[in-house]
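Chemist: The structure's right below; bear with me while I get my questions together.
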């Protein structure tokens, strides 16, 4: 058998000189050609011969394609390079979000004029959006309905009670799977539909569309996050501006002002977001409240949204009904005695509230001595809260005087960078690390004496020279420190993103980066430096700062607010005095 080069040349009618000339041209052309073009090689080999000769021709052409000379010398190993198409998505298994926004004609039924919530559901699951006009119409029509409802609404059983949602739209879909279709199930939501999660506007639009469609069987109460103060501080306002506009955000705030504050379920249960107030003694006190406003920093409306039961509820060390809520920075803690006193005075069985994350999704507190029923029930419906709590969620179904708790776990959801960060901002640490690394290397090339050299021939004194050298050294150290910060940001990007996700403003704790990996690790571990955030208690401890009422811009209260604050304090003191006299 002839050599591969000879086999290839034998199929050509060209002269020997022409073949040599062609071979030289191939050698010259292949100096810069390092790609393994197998398809072209196979085609050329087939044209060069058939059968075994064709295979030999193919081998010879492949060798020439790698820069070989076409001789019978040993073949060189091919250089393989992967190529990525710039016209196709790299991860094609993830569906691309719909690019077309739904119009009012798509969203609203032409016959009934009501939103098609099934259409919205499927569109939002795919991360689609709707036109601003459609979003505004849903929000405003929902607000019109909410405005007609009483401050404390009356609901008859059967009913399913749900706690905090916090923008976890995909878990809200799971909630309706567990609780039943809104078309056939009566629902009561206890507030906190927005903030912290990254799909808050989808939750609002979907729940409002359900409210418009089923106004007599779906009820929405106000939570402490349904206000301007918290949504500006946390994520909802930013989300509205990114996904829609500030006009949509303003419409949501106006709608939130219309939400009822409480519900009386089956004439037996008071349902509210937070809890009791020292200024609310009877149910009529709730009915008389003016709810159509931004919640104040203190007073009965604030307490209904912000108050909590004592941590040692049912095992208190003193007899006070109300104490200052140091965890929230506003409102009160209420005791077991205060709860039982309120229930007895209003002939109620229990208080059902939300407002606090629970490991199991719910908590039954100490039973009333008169009824034998839990005096207080907390329900929380956001599983794996903030993607770090690892808690279960729950809904409460009450029917035929039987209370049933149904738990559920979190559902997968699309990933957003913390605080809706874009990919360019996210990539800055990678770019910054390289820039500072280059700058440090440039500065390290020169010695201190070279950096001291100036055009001026005036000599510096020893003290001036030493001071100048120290200034230069400090600058190099500062740049080196900045380089370490960027290096930590790049290497520990996942930890940084998780820590940013736990802060409302997206700012990291001071010193978390400059101290290197260990300080970042300690910050991630929160209050337990020997453990990672793997338990519900540790996640709750780390997130406690975000459960407080954020500082207000107008920190100095108005005279009216001062008077209201004094009234609240006096009411709490009177309630505690009454409790002491009863116990005495």
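Just so it is clear, glycine is given a Cβ too, placed from its N, Cα and C backbone atoms.
This is the feature table in Swiss-Prot:
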type: REGION; residues: 1-89; note: region 'Disordered'
type: COMPBIAS; residues: 1-33; note: compositional bias 'Low complexity'
type: BINDING; residues: 164, 166, 192; note: Fe cation binding site
type: BINDING; residues: 192, 224, 273, 355; note: Zn(2+) binding site
type: ACT_SITE; residues: 225; note: active site, proton donor
type: REGION; residues: 546-584; note: region 'Disordered'
type: COMPBIAS; residues: 546-555; note: compositional bias 'Basic and acidic residues'
type: COMPBIAS; residues: 569-584; note: compositional bias 'Low complexity'
Chemist: Just to confirm: which same-chain residues, 6+ apart in sequence, have a Cβ under 8 Å from the Cβ of residue 166 (Fe cation binding site)?
Modeler: 192, 193, 194, 195, 196, 197, 200, 225, 382, 385
Chemist: Reported as an integer number of Å, what is the Cα distance between residue 224 (Zn(2+) binding site) and residue 164 (Fe cation binding site)?
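Modeler: That comes out at 10 Å between the alpha carbons.
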Chemist: Roughly how many angstrom lie between the C-alpha atoms of residue 355 (Zn(2+) binding site) and residue 164 (Fe cation binding site)?
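Modeler: Here the two Cα atoms are 7 Å apart.
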Chemist: Give the number of CB atoms, excluding that of residue 355 (Zn(2+) binding site) itself, located within 10 Å of its CB.
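Modeler: The Cβ of residue 355 (Zn(2+) binding site) has 26 Cβ neighbours within 10 Å.
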Chemist: Residues with Cβ closer than 8 Å to the Cβ of residue 164 (Fe cation binding site), same chain and 6+ apart in sequence?
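Modeler: Spatial neighbours, sequence-distant, of residue 164 (Fe cation binding site): 190, 191, 192, 223, 354, 355, 357, 380, 381, 382.
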Chemist: Quick one: which residues besides 192, 224, 273, 355 have a Cβ within 8 Å of the Zn(2+) site's Cβ centroid, in sequence order?
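Modeler: Neighbours within 8 Å of the Cβ centroid, excluding 192, 224, 273, 355: 164, 190, 191, 223, 225, 274, 305, 306, 354.
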Chemist: Helix, strand or coil for residue 164 (Fe cation binding site)? Use DSSP.
Modeler: coil
Chemist: With the Fe cation site defined by 164, 166, 192, which remaining residues of that chain have Cβ atoms positioned within 8 Å of the Cβ centroid?
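Modeler: The surrounding set, listed in chain order, is 163, 165, 167, 191, 193, 194, 195, 196, 223, 225, 354, 380, 381, 382.
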